[in-house]
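For reference, the structure is listed below as structure tokens.
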2 protein chains.
Amino acid sequence: MALVFLPALARMAVCGGTHGNELSGVYVVQEMERQWKEKGECAWPIPVTTVLSNPRAVKECRRYIEKDMNRCFNRATLSSPITDSSPYEVRRAHELNNLLGPKGSTDAIDLICDLHNTTANMGLTLIHYTTSDWVTLHICKYLQTKLTKVPVRVLVLDVPISDAYSLESVSKHGFSIEVGPQPHGVVRADIYTIMKEAVDLTIDWIHKFSSGMVFEGGDVEAFRFIKSVDYPRDPETRTLTAAIHPQLQDRDFCLLKRGDPLFLSFSGETVKYEEEEPLHPFFINEAAYYEKEIAFHLGKKMMLTIPSVQVQKD
Amino acid sequence: MALVFLPALARMAVCGGTHGNELSGVYVVQEMERQWKEKGECAWPIPVTTVLSNPRAVKECRRYIEKDMNRCFNRATLSSPITDSSPYEVRRAHELNNLLGPKGSTDAIDLICDLHNTTANMGLTLIHYTTSDWVTLHICKYLQTKLTKVPVRVLVLDVPISDAYSLESVSKHGFSIEVGPQPHGVVRADIYTIMKEAVDLTIDWIHKFSSGMVFEGGDVEAFRFIKSVDYPRDPETRTLTAAIHPQLQDRDFCLLKRGDPLFLSFSGETVKYEEEEPLHPFFINEAAYYEKEIAFHLGKKMMLTIPSVQVQKD
């Protein structure tokens, strides 16, 4: 298999609290800042910037104050001028773009690892924007090998980088990590530990890569986002009339086939999956998606083949 | 065993959304209101009032808007005059006291069943204020017999009724039902179904009791609240430095003995239970208790003996 030489990764950022009530990421960043105070530059083998993305939302333990910040990093929002009426999160997105970007420029930081939690049973899911970022896919392959406590999966939101709206899209090789299930406003030690290990392994990979190690290529299984499905709702009041069916709940990334149960109405009727094409549901019953009118997403499994990689020599 | 004759129960209320992000109760009340629209007085064999307790908090999917409403039903708060600066929840508590009380009066409704969810693995827990309310304890015994999917437990907060601060204290025989684990802002079909069954069985018990059925007495296991334990925190910032230990997480009502792990610090150290007396922890890692500085409560198991009961003849 061909060996691809890639530019070195000089600098990475670990961001938590982009959603203020997703607590594992908040405490991973806090712990890394404690380690930095204790050990200084020796804390990690590569330079790492830590960022608490939305400090006001963290303080109030809410997803956001005025606007979901992780939808504010598209080119349009970042290029619009800040005015007196700009929401807090738009201002903060501009600040973070100045700190870690500017998005799309050569000055942008090499890699952002943005830490998220979900109420869905997603294990550890790495989300990013393309099927051809060898760095991110190699990090994922590395996590799949080293992290054995939970399934590690890759999700691809295949949109142009200018439309990409989340924090990690500011960096050259960004990805977010979703770890669940964890209720929002709660930190579970098991979920925290998995997330911390994933961050440590990411740093480890970058260090080894920068030191000249060759990483063998191969196949990486990934899921591509296809579409979202909403809850059954009362047509007038828009209130839910059903919950996720117990046979679907907690079964993120299973294969959903025609006739499989989707919802159980509050009066006891089952709503079934009616489409011909079997697909994989994920973000099943994520708390933050009720207001976005999303019960779950559907995706399609695909196999990506990645080349062996090594850092370019100077 | 002695047979005790008790006054009939003419009217009960089922309340949900006292905390606006505890969604099973919100949807149980919504479903009961749908049944009422469909069937009218035939919906249940006894008169049932349904109440959405904190509609503004439900709309915003938050625990409360200005003040935790389920701490507003003590005598002092209910007897203070409403002013322009009274928080929304204090106003609403006065309204509900007028509707369902007044607390402590003969006009008060016979029974309030107030529906709550918790992020803790509490199964179904019935909470009330005394060890001598035969009606509530018989309903609990009935639920323990009929509900087999989850453990059904009784928790006693042994405080004078005037100090009792929660909604169910407004009625003559009130109790709240906690069902979990369910993340706040999420409805799980399994948790919803258990809660709905518990409400239906409570109505069923009251109907049978009012119809003259004798309910045999016996022993009921209960837990008495002893004290609360906070998370380890940074003395200056008050931020958490540890999470519930994985060996304690989800083990509500287990027996905690000296040396058992309580917390796992974010840097990996274990904090142990140091007290001589073994006690039972519950509400372990409840999201809403972080701000109250409570990691879990500790309780003591006790056995209550209840007499056989029958309704008084007119």
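Positions of Cβ are set from backbone N, Cα and C atoms, glycine also.
What TrEMBL lists as signal peptide is B:1-20. Per TrEMBL, domain 'Succinylglutamate desuccinylase/Aspartoacylase catalytic' is recorded for B:10-200. The feature Zn(2+) binding site is assigned by TrEMBL to B:His19, B:Glu22, B:His116. Per TrEMBL, active site, proton donor/acceptor is recorded for B:Glu178. Summarising the annotation, TrEMBL assigns domain 'AstE/AspA barrel-sandwich hybrid' to B:219-300.
The structure, with features from TrEMBL marked on it.
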residue	record	Cβ contacts under 8 Å, 6 or more apart
B:His19	Zn(2+) binding site	B:Asn54, B:Ala57, B:Arg63, B:Tyr64, B:Asp68, B:Met69, B:Asn70, B:His116, B:Asn117, B:His184, B:Ala288
B:Glu22	Zn(2+) binding site	B:Gly16, B:Arg63, B:Leu115, B:His116, B:Asn117, B:Thr118, B:Gln182, B:His184
B:Glu178	active site, proton donor/acceptor	B:His116, B:Asn117, B:Thr118, B:Met122, B:Leu124, B:Thr125, B:Leu126, B:Ile127
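Other residues of the chain with a Cβ within 8 Å of the Cβ centroid of B:His19, B:Glu22, B:His116, the Zn(2+) site, are B:Gly17, B:Thr18, B:Asn21, B:Gly25, B:Arg63, B:Asn70, B:Leu115, B:Asn117, B:Thr118, B:Glu178, B:His184. DSSP labels the residues of the domain 'AstE/AspA barrel-sandwich hybrid' (B:219-300) in these numbers: 3 helix, 34 strand, 45 coil. For the domain 'Succinylglutamate desuccinylase/Aspartoacylase catalytic' (B:10-200), the mean pLDDT of the prediction comes to 95. Using a 10 Å radius centred on the Cβ of B:His116 (Zn(2+) binding site) and all shown protein chains, the other Cβ atoms total 26.
Look at B:His19 (Zn(2+) binding site): DSSP puts it in coil.
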